[in-house]
Amino acid sequence: MAGVGLRAAARCWLLCGSHGGRRAASSSPSCPGCGPPGPGPHCPGAPRSAPSPLSEHLWARYQDMRRLVHDLLPPEVCSLLNPAAIYANNEISLRDVEVYGFDYDYTLAQYADALHPEIFNAARDILIEHYKYPEGIRKYDYNPSFAIRGLHYDIQKSLLMKIDAFHYVQLGTAYRGLQPVPDEEVIDLYGGTQHIPLYQMSGFYGKGPSIKQFMDIFSLPEMALLSCVVDYFLGHGLEFDQTHLYKDVTDAIRDVHVKGLMYQWIERDMEKYILRGDETFAVLSRLVAHGKQLFLITNSPFSFVDKGMRHMVGPDWRQLFDVVIVQADKPSFFTDRRKPFRKLDETGSLHWDRITRLEKGKIYRQGNLFDFLRLTEWRGPRVLYFGDHLYSDLADLMLRHGWRTGAIIPELEREIRIINTEQYMHSLTWQQALTGLLERMQTYQDAESRQVLAAWMKERQELRCITKALFNAQFGSIFRTFHNPTYFSRRLVRFSDLYMASLSCLLNYRVDFTFYPRRTPLQHEAPLWMDQLCTGCMKTPFLGDMAHIR
C-alpha cells in the first residue's frame, strides 16, 4: 500500500505540483498548479490577493515549464537503462586484457538476502549469551529495509548517517538507534555545520579515528544490529559507553565469520544461499575458451571455497584457474611484503617448502601481491580484477599497481529498475526543471516574488523526499544524496574502471568489447539545465529572460 501511495503522490506532483489540484483544461484556468494560464485564489500555493505583474510572470513561467516537462517527456525515455549492463568509469578495451582475477564472496559467489537475518540473529545471540547484553535485545528482528551500504557511523555520537562526496551529511538521513535525529541537532553536533572534516571521516580503508564507513554487503546486518542495540539502551534509559557498544557489536559480527557459522549455513543449503552459479560457470568457461588466464584471491578458507565452486562449476573447477589463493588477508595482502605463500594439500594441511612458482591446480594460502607479481609477471592494465569491496578488493590494485578493476554492486540492479520507472523519471525531471526555475528567477526579489520562490523551494524539497523514498525510506539511494554523489559513489568512480550488478553481466559482451564512459559535462560546460536539454526546451518561451545568467 505504501508503494501505491508513493506512486499516487508522484503522479500528483507531475500533474498538479504541490498545490493539490489536477491540471486539466476544463478546470479553473487560474491555478498555477492545476491548469493554464495563471495563478488563482483557490490554489493554496497561489497569491490570495490580486497578484502583482511580477508574481504573475513567475507563475506563468512555472506553468510553461510544467507543460513542457509533462507534454514533451516521451514515454520511451523510461526503461532506457539496462540492469544487466556494464557501466564504465574509464575507457577500457577487453581486447587488451589477458588475465582476469576474482574475489570469491559476492563476486564469483552471489548470496541470497536470506543470509542477512541469519548473521543478525547469530550476532545478537552472541551479544546476549557471551557479552551479557540485556535479554530484551532478543526481541529485535532483522529489518532488511532499514540500512543501505556505504553509510558512516560516528562512534562517539552513536550516529548512523549518509554522507555525500563533499563530506556533508545529507539532512534527514541521520539516525541514532532506530530513530531519526532532527536536522538541527545534527548541525549542532558538528559545530553548526553539516560538514565532517577530513581528519574525522575515514582513512584509506574507510576506518577513521571516530567514524567508520560500512562498505561491504556483509555490513548490512551489522548496521541493523548496531542500531537495534542502541535503540534498546536509549529506550530503556540505560547508560552505556559508545565505544564499548560499537566494539562489542562488531566483535559479535566478526565472531559469526571467525567461528565459521556463516560458512556452515551456506554449505548446508547451497541451493538456498548461492545465486547465479550456472552464470558464474558460463563466465569462467567462456574466458578460458578465449585463451584468458584466470586467478582467484579470496579471504575465505579453502574448504568453503572448494564446496561452493564444486556446487557452481563442478569438481574440476581448479582446472579453470591458473592460480588460487585463499585466506589472503586482504587488504594487507596488497601492501604487506612480509607474508610468504604456503601451499595447501587436498586435506587443507600446510606444506613447509618454499614457494618458487605458483602452479596451476594447486592451492596457496596468504602470501602477498609483491611475490605474486614477481612469480606470475602479471602486471599493469593487462590484468582486470573483480571484487565487491571498493577498499579491500580494488583500491590498492588501481592506485598502486595499475591493474584494471571491476566492481560488483548487486544493489545496482534494483536501483536501475527504480530509475526506469515513469514515476521516478517524471519526478526527477520536474525536480530539475523546478531547480532551474529557482536559479533563473531568483533575480526577482520583491516581497510577492519571494513568496513564489519560497513556494517553489518547498515543492522542490517535498519532491526530493518522495524521490529519495523510492529507494529507501531512511537513507535513499546508495549512489546519490539529493543531488550530489554519495561518498560511496565517489569511491566507486575512483577505484573501479567498470561496475555492474553481477559477474554474469560479462556474458552480454564480446571478449574484445571496448567500454566507453559517457562524457558528462562539467558545470562550466553545461550552459542549460538538464531538463532544458532532454525535453527539447531550447524553445523555452522565456529563454531570453535568463540569457544573462546562463
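The backbone N, Cα and C atoms fix where each Cβ goes, and this holds for glycine too.
If you look up TrEMBL, you'll see D103, D388 marked as Mg(2+) binding site.
The number of other CB atoms found within 10 A of the CB of D103 (Mg(2+) binding site), across every protein chain shown, is 25. Residues annotated as active site, nucleophile in TrEMBL: D103.
The GMP binding site feature in TrEMBL is assigned to D105.
Per TrEMBL, active site, proton donor is recorded for D105. Listed in sequence order, Y111, F218, T298, N299, S300, D388 are the same-chain residues six or more apart from D105 (GMP binding site) with CB atoms under 8 A from its CB.
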All-chain count of other Cβ atoms within 10 Å of D388 (Mg(2+) binding site): 24
